[in-house]
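*Asks:* Take this structure, written in C-alpha cells, and hold onto it; I'll ask about it next.
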C-alpha cells in the first residue's frame, strides 16, 4: 500500500506553480555563502589581523553586528529597503515576519519602471521563490555591510556605543542606499547600475567607516605606531572564506540560477586573482618583498571592484578591472594616504576607505565604461543599457554611475556624522585611555590567548598583576 505523500511535496498551495526549486535552492545557498563571509569569515579575519590585545573586541564587534542586523532586518529594515515606496529613496517600514508574507512569491513592488507617459517599461521583479528566501538573502548583505564598516573602528571604539550605532546606521543609511539603488528608488529608476553592491555595500561602508573613524578618534599612539597581526595564518583562513563566499555574493544577485549568474561568478574570480597579483607585484617592485597582508588587500579590492558589474562585463574587462583595482587602491593606501595630512589625522584601522570605498567607486565607474549590452539585457530592468565603451547612450551611463556614487558618498557622510553625534550625547564613542592601554581584558574580561610569553608579564598592558594571581580574567586561564 502506497504511503501518504507529505503535503509539502505535492503540487498544492505549498508547492505553487511559480516556485522554481532550482532558483530557490541556489538563492538560499548563495545567501549562506554570503553569511559565511561574515560569520565566521570576517569574525576570524578581524580577530587575527589586529594586535593580540584587541582580538576578542574586534571579533565581537563583527559577531554582535551580525546578530543585531538580523533583528532590525526582519522587524522593519527589509521593507524599508525592498518594500512599497514611501519616498523616492525610502521604502515603508513594516515587519517581514508574518506567514502570509513570507510564503508568498517574492515581489519587489517598487521596481516596476515606467515611461514618462506613465506606460509600463519593465515589470516589477518577482523571483520564482518565496519572500522568506529574499529576506534571508538580502539580510546577509546588510550584515556584512556593517561588519565591513567596523573595520575602520577596531582597537578603540566603545563597544556600548557600537551596540547603539549598528541599528541606527542600518535604519537611516543602509536602507536608503538599498532602496534607492536596488529596491526601486530614484537611482534604480534612473538606471544607475549596481549589480551586487559596489555602491550599496562597499562605497557606503568605506565612506561611513572613514566618517565614523573621524568622530570616534584614533587608537592609542602606541597602537598606531605598532599594530602587528596576531595570527597571519588565521587571516588567510578568514580571507579564504571571504573570497569563496563571494561566489554567492555576486552569483546570487540575478535572483536566479541562470546564465548571468554563471558570468558573475566567473568574472568575480578573474578580477580577484588579477588584483591580488597586481598588488603583490607592486609590493615586490617598490618594497622588495611580497606581503601576505598586502595580497589579502589586493584580493579584497578585486572582489569589491568587480561587484558593481560582475554579470555585466566580459572576461577581458574583468582583467582590466583587476589591474586597476590592484593598483589604484594600492596607490591611495601606500602613497597618497601617507602624503595627505587630512587622511593621516583619521585613524582608519584596516584601511576600509581604500579597500572598499575607493575600489567600490572604481568598480562603479568602470562598469559605466565596460557594461556589455547583451549582458545588460539579461539582467537590467531598463532595456538597451550599455557602457560608454560600446557607444550609443553609453556615455550617459558613465555619468549616471558617477552621480549615483556622489549621492551615496554625501548621504553616508551626513547621516553617519549625525548618528555619531547623537550616540556621543549618551555614550562616549571612544573607550577610556586606561582601557586602550589594556585591551580585551579591560573591555570584556577575556583574552584571546591563554599562554603568555614571559616578557609579556612585564608589559604595561598587564595592569595590576597582583589581582591576576596567575589566572587571567575571564574564561581563559594562565598556563
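Positions of Cβ are set from backbone N, Cα and C atoms, glycine also.
Curation does not apply to TrEMBL; its annotations are automatic.
Features from TrEMBL:
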DOMAIN    25-449  domain 'Ammonium transporter AmtB-like'
TRANSMEM  25-47  transmembrane segment
TRANSMEM  59-78  transmembrane segment
TRANSMEM  134-154  transmembrane segment
TRANSMEM  166-193  transmembrane segment
TRANSMEM  199-217  transmembrane segment
TRANSMEM  229-246  transmembrane segment
TRANSMEM  266-285  transmembrane segment
TRANSMEM  292-310  transmembrane segment
TRANSMEM  316-336  transmembrane segment
TRANSMEM  357-382  transmembrane segment
TRANSMEM  402-427  transmembrane segment
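Context for these features, please: burial, neighbours, distances.
*Replies:* Residues 38-39, 42-44, 46-47, 93-97, 135, 138-139, 142-143, 146-147, 150, 153-154, 157, 159, 162-163, 166-167, 170-171, 174-175, 444 of the same chain sit 6 or more residues outside the transmembrane segment (59-78) yet have a Cβ under 8 Å from a Cβ within it.
Only residues 6 or more beyond the boundaries of the transmembrane segment (229-246), in the same chain, are considered here, and those with a CB under 8 A from a CB of the stretch are 33-34, 36-37, 40-52, 55, 268-269, 272, 292-293, 296, 299-300, 303, 448-449.
Beyond its flanks by at least six residues, the transmembrane segment (266-285) meets 243, 246-247, 249-251, 291, 294-295, 297-299, 301-303, 305-307, 309-311, 313, 315, 317-319, 321-323, 325-327, 330, 334 of its own chain at Cβ-Cβ distances under 8 Å.
Taking Cβ pairs closer than 8 Å, the transmembrane segment (316-336) reaches residues 266-267, 270-279, 281-282, 286, 297-298, 301-302, 304-306, 309, 343, 351, 354-355, 358-359, 362-363, 366, 370, 372 in its own chain, all 6 or more past its ends.
For the transmembrane segment (357-382), the list of distant contacts is 111, 113, 121-122, 125, 188, 191, 193-195, 198-199, 201-203, 205-207, 209-210, 254, 258-260, 263, 300-302, 304-309, 311-314, 317, 320-321, 324-325, 328-329, 332, 388-390, 392, 394, 397-402, 404-405, 409: same-chain residues at least six beyond its ends, Cβ to Cβ under 8 Å.
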*Asks:* Any residues 6+ beyond the ends of the transmembrane segment (199-217) with a Cβ under 8 Å from its own?
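*Replies:* Sequence-distant neighbours of the transmembrane segment (199-217): 141, 144-146, 148-153, 156-157, 161, 165, 169, 173-174, 177-178, 181-182, 192, 304, 307-308, 346-349, 352-361, 363-364, 404-405, 408-409, 412-413, 415-417, 420-421, 424, 429-430.
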